Amino acid sequence: MSKLDQILILDPPSDLRFKGPFTDVVTANLKLKNPSSMRVCFKVKTTAPRRYCVRPNSGVIDPGATVNISVMLQPFDYDPNEKSKHKFMVQTIFASSNNSDNESLWKDAKPDDLMDSKLRCVFEMPSENEVNDVDATRAAPVINSMKAEPTVPAAAADDTEMKKLLEKCKRLQTEINKLNDENRQLKDEGIRMRKMPPRSDHMTPNSTNVVGRETSTTFLPSLLVVIAAIFIGFFFGKFIL
């Protein structure tokens, strides 16, 4: 008895083409159509099982139905001078009407009951135009997001920051001037109180407060002057030098 011809219709019939670049998973699709009036069991096998992932790799196809198979090639270093020797085989057998255990069906099958089709793997690198199209497609979302977000020129950003720093310097100088005025007023008030004849041997609470305020206020402007000098020096070092 001669071997049975393949009952399924394969698309593509003889080649599985994988188009690079192969730095990522590349998928080829295979369609299996059952034109018969019987249920058909199938298995997909390969000579390089570590290089491919097949989903689904087995199953049952009802009469008139079609199954889509995804053959996923794992990333690898492509060598155009090396010819691919990878092959696939689609093996089929008619399912028994009263047997739902496919594993026992395959195990008990006779060689003459099996049908098979072989496909070879073909690796293709994209043309230069296709590479440019792919790069443009990948870059489009990035370009669109850049367009959506308004950007400020570097010079304009520097000018804006410089204006902010100048405003801070002006505010700081104004505070220093106010404190200097208060300091002079407190000194004048302290001098007037010293010239006044003492009324008792003990210092009054008001005079104590005035002297304390004089001492603390004398210290604050000096500290602020030092801070302002450091701040202005940092500003000129950053934007002028």
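Note: Cβ is positioned from N, Cα and C throughout, glycine not excepted.
All TrEMBL annotations are machine predictions without curation.
Checked against TrEMBL, the range among 71-112, 155-196 recorded as coiled coil is 155-196. Across all of the domain 'MSP' (7-124), the predicted model scores a mean pLDDT of 93.
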